[in-house]
């Protein structure tokens with residue numbers, strides 16, 4: 001029986017990732033102290049196949065920081081030799097990626113249909129958006145705000161008790177395709193909001209007085225690609241004139257210091273900003289919706305992974321928002337609330353200094369539109385599993401994040417503008 005379960009798990013992992021096997025691949029964490037170290041990493045990236053996990057690209061590495069990256073099996077010896085020869089301190093976060101890829105799925109035989117404690121394929125999430133709206137007509141309605149590059153409908157769930165001219169909070173998940181815990185949280189949020197409405201005073205008040213616009217997966221094409229072809233795909237799946245490389249980083253594609261810093265103009269790079277701001281159908285759909293609802297949207301929350309961080313503007317420049325002190329105090333209180341459940345520690349602060357400079361992000365864009373409360377959440381973990389957070393951690397991750405979102409929402413409700 002045990003052998004059968006192992007075979008089922010291996011078969012699932014293989015089926016989910018289009019034949020990628022990951023055997024012998026490693027994930028390194030390197031301590032970077034100065035520009036010389038950065039140059040060594042840059043040279044490595046130019047001669048070997050390196051997939052940067054944190055930060056997103058070699059251009060975002062800063063002195064006195066760490067960098068996490070994935071290395072193909074055939075390059076691991078070369079990479080370790082270079083790091084040792086140049087006396088860079090490092091550790092191996094994942095010694096055999098295949099084992100961790102397979103372990104992200106619960107070893108139990110997977111039930112068909114939707115589950116809030118498993119990672120769901122897009123077709124399952126799509127069906128869920130219809131089902132959850134149909135089953136809860138007094139609290140949820142579903143709409144389509146646009147289509148993806150490959151022609152798929154982008155669904156938005158409006159969660160809240162019916163009412164006229166209610167203030168709203170916009171929350172999206174699934175910007176970067178490989179960050180699977182992000183869409184899992186948006187689904188959990190909707191379920192918990194409905195389940196606890198009428199039972200929990202705080203949630204009931206929030207849904208009575210606020211609307212939540214929840215976008216479960218923005219980058220649907222990319223998300224599907226991570227299930228069928230390439231588990232660590234990040235970008236959209238758009239094509240580009242004059243290049244065979246695919247995709248744009250949707251979180252470098254907004255008109256907020258577009259492509260000025262921490263983004264690339266090379267279509268082959270993971271942080272490609274696109275040929276123009278809002279060039280991607282997905283980002284344009286999101287931006288158009290927010291512009292149309294700008295008078296009612298009081299907070300913007302975007303859910304990513306990994307790092308355990310809560311960041312706020314600005315990321316496209318080393319400057320602070322006009323209500324920076326308020327954002328800092330709110331972030332401090334929110335991460336304290338989050339930690340109260342499972343002890344998970346988050347760091348917080350302005351994006352550029354807390355994580356890295358990055359232009360064209362949706363949080364900065366929303367803030368510059370006049371949405372005073374704009375936050376990015378980087379969910380679990382801090383690198384042990386990275387983008388491969390096991391399904392066994394979905395519940396705890398979502399429980400603590402739900403606390404955080406409730407805290408922010410209650411604050412916003414008390415500080416309407």
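Every residue number used here counts from 1 along the chain in the order it is shown.
Glycine residues also receive a Cβ, built from the backbone N, Cα and C atoms like all the rest.
These features come from Swiss-Prot:
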- 378: active site, proton donor/acceptor (ACT_SITE)
- 176, 179, 304: Zn(2+) binding site (BINDING)
- 176, 177, 178, 179, 234, 251, 252, 305, 306, 356: substrate binding site (BINDING)
- 173-186: disulfide bond (DISULFID)
- 245-268: disulfide bond (DISULFID)
- 259-273: disulfide bond (DISULFID)
- 118-412: domain 'Peptidase M14' (DOMAIN)
- 1-15: signal peptide (SIGNAL)
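What surrounds the Zn(2+) site, by Cβ distance within 8 Å of the Cβ centroid and not counting 176, 179, 304, is the set 174, 175, 177, 178, 182, 234, 251, 303, 305, 378 from the same chain. Residue 268 (disulfide bond) and residue 173 (disulfide bond) have their C-alpha atoms 24 Å apart, to the nearest angstrom. Among the binding-site residues 176, 234, 304, the residue whose Cα lies closest in space to that of residue 245 (disulfide bond) is 234. In the shown protein chains, 26 other C-beta atoms lie within 10 A of the C-beta of residue 234 (substrate binding site). Taking 186, 259, 378 as the recorded positions under consideration, the smallest Cα distance to residue 179 (Zn(2+) binding site) is found for 378. If you take the C-beta of residue 378 (active site, proton donor/acceptor) and look for same-chain residues 6 or more apart in sequence within under 8 angstroms, you find 304, 305, 306, 307, 308, 309, 310, 311, 355.
Restricting the recorded positions 173, 176, 178, 186, 234, 252 to those with a CA within 10 Å of the CA of residue 259 (disulfide bond) leaves 252, listed by sequence position. Close to residue 234 (substrate binding site), meaning Cα to Cα within 10 A, are the following recorded positions out of 173, 176, 186, 273: 176.
Local packing around the Cβ, expressed as the count of other Cβ atoms within 10 angstroms, is greatest for 173 among the disulfide-bonded residues 173, 245, 259, 268, 273. DSSP assigns residue 252 (substrate binding site) to a helical segment in the three-state reduction. Around residue 252 (substrate binding site), the same-chain residues at least 6 positions away in sequence with a Cβ under 8 Å from its Cβ are 258, 259, 262, 263, 264, 271, 272, 273, 274, 358, 359, 360, 361. Separating the Cα atoms of residue 176 (Zn(2+) binding site) and residue 186 (disulfide bond) is a whole-number distance of 14 Å. Note on the domain 'Peptidase M14' (118-412): its mean pLDDT in the predicted model is 98. A straight line from the CA of residue 186 (disulfide bond) to the CA of residue 178 (substrate binding site) spans 15 Å.
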